[in-house]
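Here the structure comes first, spelled out in structure tokens, and everything after it is commentary.
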């Protein structure tokens, strides 16, 4: 279906087989070159580039970069020696017989030429300018390729899920505000002034209701919303591939998720080896200092707590002492080690202790002189190091110290060029605790409960069978049937077995300090639904922006979203958000909501 | 992938071939019957029903309707004479060896049993109760079948679009408020208090930007939002299959749309004959009194304006007089004709003039005595009637009178049983005017312009080539390149060629009275994008709730939406919309917006 009103072919369809045919093409002028009375135009359409030869430059006299042209002409083989090996259509050109300007173009704020991009010569402006003129930024073939990849992997994912008997079901996005952790975007109701909808942080409760409704395998590419202070890797709206199954346990969801990931990666030519490795949460922390370990490289953290248990060094008289090896790090200069200190301080650490094992057998570094001779003696062996390596240390509360070492581990790998974007190292992180301390300083979520405990995942996560009797009497050691899927050090998704029994749900809410009244008000509908026969169910979700970025080999999800928002939640292209009219405010119902609030106070 | 933690098979997989095997099933108790110490349970899972035979009732003593059970037992052939022909698994039963209650169920507010539904015996409560317990309502097999159909046709539509080289691209839903006709839902911005996002009424401008970005074939199942006073057939949020193509004209979009519709209907076993018939907008009004004619039956309106041009009857001395035939209508009683008057009055008419052609050759009816002998003489022939028929008349302004007759035409067909939900009569309505009078009483939209003219479709619709020079000097006769796809009297979708040239867009905005300043503020980003080289483009959208309802053979889109909202925009299940907390209001930024409004007034 390539032939349309404006063209007979797309550029990439043409080759030597078409020589002699008359074709009509349409596209943008990627580049113009004039040469001895003749003009050469690189015409760019969605399929690629093709050279247009204009024998008489006068025919193209007004034509400039990014004009939209319709060109009719004869396909010709390029003269000997002028074949362009780098271009799919490089063996041919089209000798223009007629050129129609479909649309003119003002001078662009930045270059989008394919040719220049291929040559690495597109000088991109800052992000704000790219987003302000996103329609130009997207014309670059690399951006088009990412949009195409994202479309292709959605197709592959759906195909995979259909093959496993999943149904795609849309759930509403104007819902009731429910406590899922982050802040809701809220939408005032005009018909019921003073009342509000919320945009969903995920379809969590709705997909659980679908299970209670008799759907056994549900999926949806769901738009989700979180009104957080946006970081580089977050968007106020994002897409997740959301899945839920009934009559299943953790093993069933993991098997499903593995087939899905296998099929999605296979669609892009990558073979994911199954089964995917699993790592316990506590091992992930101990070995990699992260609950989303990057397994493209090894270099595990070393636990030296026992090793330093009698140390004279005050800093190491801590509940945890650990280290990470920097292969060949002994050759770093003093200035480079100072820069590492800075790097660590920017990440909230006080500094970063280190030693170097010099080729001459001596030990140097910031803490070398603080530890005992015996400690120096066995240190190389204890840390698995060799002459010429360096070792970074952290000591203190285990989770904090491990987290710091985990960041160091990944930074070392980065500097060593080990973060290959075309290599994909997956793992499941399993055996998470059910609860964590609510005063966790890493918590940027709204605390949904009123005790010292908050859910590691969410309040609907099933305690693991071994914790079923004791999770409320001993929350600290309660484990959950939750699992995360991690790729290359990024959390790509996760899920859990859900609570389907009213009695267990009530006990979990009690640990969180959520009263019956509050529970009823916020998600009483789910608790009520469980009273009418709920099947056991479990599910997971994959962050689709993140998965697309990983497969595209880009760091930023900006590059796989057609129209992303800046860190302040703005769209520099459309100017959203923006003031609205007085009439819109009057009609929205917010005045009534504000007035009701004032009245409540009096 | 049927075997999971809780079951080895789904019910519908089992048949006589499995006799003797031990299986484990899980599902709801659809119905329980006790018979001489034995218990028979109909177990219902997503695939269907199966009979469980419990030889010792004691094993199932606590089991009631809608309990969720796990049952292990041996598949057995049913005894001679007990085979149930109506059930896929009717030749077998499972002799229970172990029954585990996975979840109990309270007494249901209404019956959801498959068996009862199949026997037409499910007594459904009112809509509010169905929505309040939607998870129970959805357990009914007919609802499950509709969710499945909707999923299946999304799959078929995507497959069709992929085969035509379309890419699926997601566009943002937190956008800037733009003037598309209806009222926007607005979302306050916390990070920029006083500013707002709007939820999109459609991705119209964004998909046009994608064309300017170099995407040539875009589609998306887009969630759209309109804050209107909801009618039976409207939801505050709805889904449309949104498509846009560049370098195409109307014929290309129609050809694409026809293949799409063909493929979607084919997925459900229906053959749609292509090409689909086309009807001019003015013919649709003249022949069917509607811009969405129901072509499952013929019975065109008859234009009698000329026939009655010298009439003595004051009511018919009008700019338009038309009629519609009611085959066999002469046999209606006086009371029945009175009821027709009431019917017409409820639809805003003053009444409904009629005559009957009696079998004895005489003419009776409400206006028989008002018209001349000559008019009575030829009336049967002029209206294409026969003895025994009746004819309804309407006179006045053509559009109003035709619209009334169009409703009469469909109501007659309904009473004659001609509205077969399994018959699908499609047509394209084409050649729409570009503008209509802004004071149109049928207009429930916010008037986007400030003149007597408003867009029939939207301000981005391309004038047809014949109107390109004159559309702004003679708006009344300006035609547009717009097209609607209609099925069974319902507008299923539509689209248009878009304006891709800044100069034409400016002239259209001028007719609508939208100033440069206002245009820049509201969609200046699109006008600006056109300055950097925009390809000609066109597209369409299909209302997916509507399409799903048509194919499911149901009248209400409620039946094809998992969790719909009531006419007042409420969800009786979750209680949305609802008040939010003081903290949420304080954080939302609405106070600042209201305060800014007050400050502006002072």
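Keep in mind that glycine also has a Cβ here, set from the backbone N, Cα and C atoms.
TrEMBL labels come from automatic prediction, so no person has curated them.
Straight from TrEMBL, the features:
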- B:180, B:226, B:457, B:498: L-aspartate binding site (BINDING)
- B:226, B:227, B:228, B:235, B:491, B:543, B:544, B:545, B:546: ATP binding site (BINDING)
- B:147-564: domain 'Aminoacyl-transfer RNA synthetases class-II family profile' (DOMAIN)
- B:204-207: region 'Aspartate' (REGION)
- B:81: site 'Important for tRNA non-discrimination' (SITE)
Please report the number of other Cβ atoms within 10 Å of the Cβ of residue B:81 (site 'Important for tRNA non-discrimination'). 5
Average the per-residue pLDDT over the region 'Aspartate' (B:204-207) and send me the rounded value. 95
Three-state composition of the region 'Aspartate' (B:204-207), taking helix and strand from DSSP: 4 helix, 0 strand, 0 coil
I need the most crowded of these binding-site residues: B:228, B:491. Count other C-beta atoms within 10 angstroms of each C-beta and give me the top one. B:228
Sequence gap of 6 or more, C-beta under 8 Å: which same-chain residues meet both conditions with respect to residue B:457 (L-aspartate binding site)? B:432, B:480, B:482, B:494, B:496
To the nearest Å, how far is the Cα of residue B:491 (ATP binding site) from the Cα of residue B:81 (site 'Important for tRNA non-discrimination')? 51
So among the binding-site residues B:226, B:498, B:546, who's got the most Cβ atoms within 10 Å? B:498
By CA distance, which of the recorded positions (B:81, B:226, B:498) lies nearest to residue B:544 (ATP binding site)? B:226
If you measure from the C-alpha of residue B:81 (site 'Important for tRNA non-discrimination'), which of the binding-site residues B:226, B:228, B:498, B:546 fall inside 10 Å? none
Within 10 Å of the Cβ of residue B:544 (ATP binding site), how many other Cβ atoms can be counted across all chains shown? 26
Whole-number Å value of the largest CA-CA distance among B:226, B:227, B:228, B:235, B:491, B:543, B:544, B:545, B:546, listed as ATP-binding: 20
Residue B:544 (ATP binding site) - helix vs strand vs coil (DSSP): helix
Three-state secondary structure of residue B:81 (site 'Important for tRNA non-discrimination') from DSSP? coil
Which of the three DSSP-derived classes (helix, strand, coil) applies to residue B:228 (ATP binding site)? coil
Tell me the Cα distance separating residue B:228 (ATP binding site) from residue B:498 (L-aspartate binding site), rounded to the nearest angstrom. 26
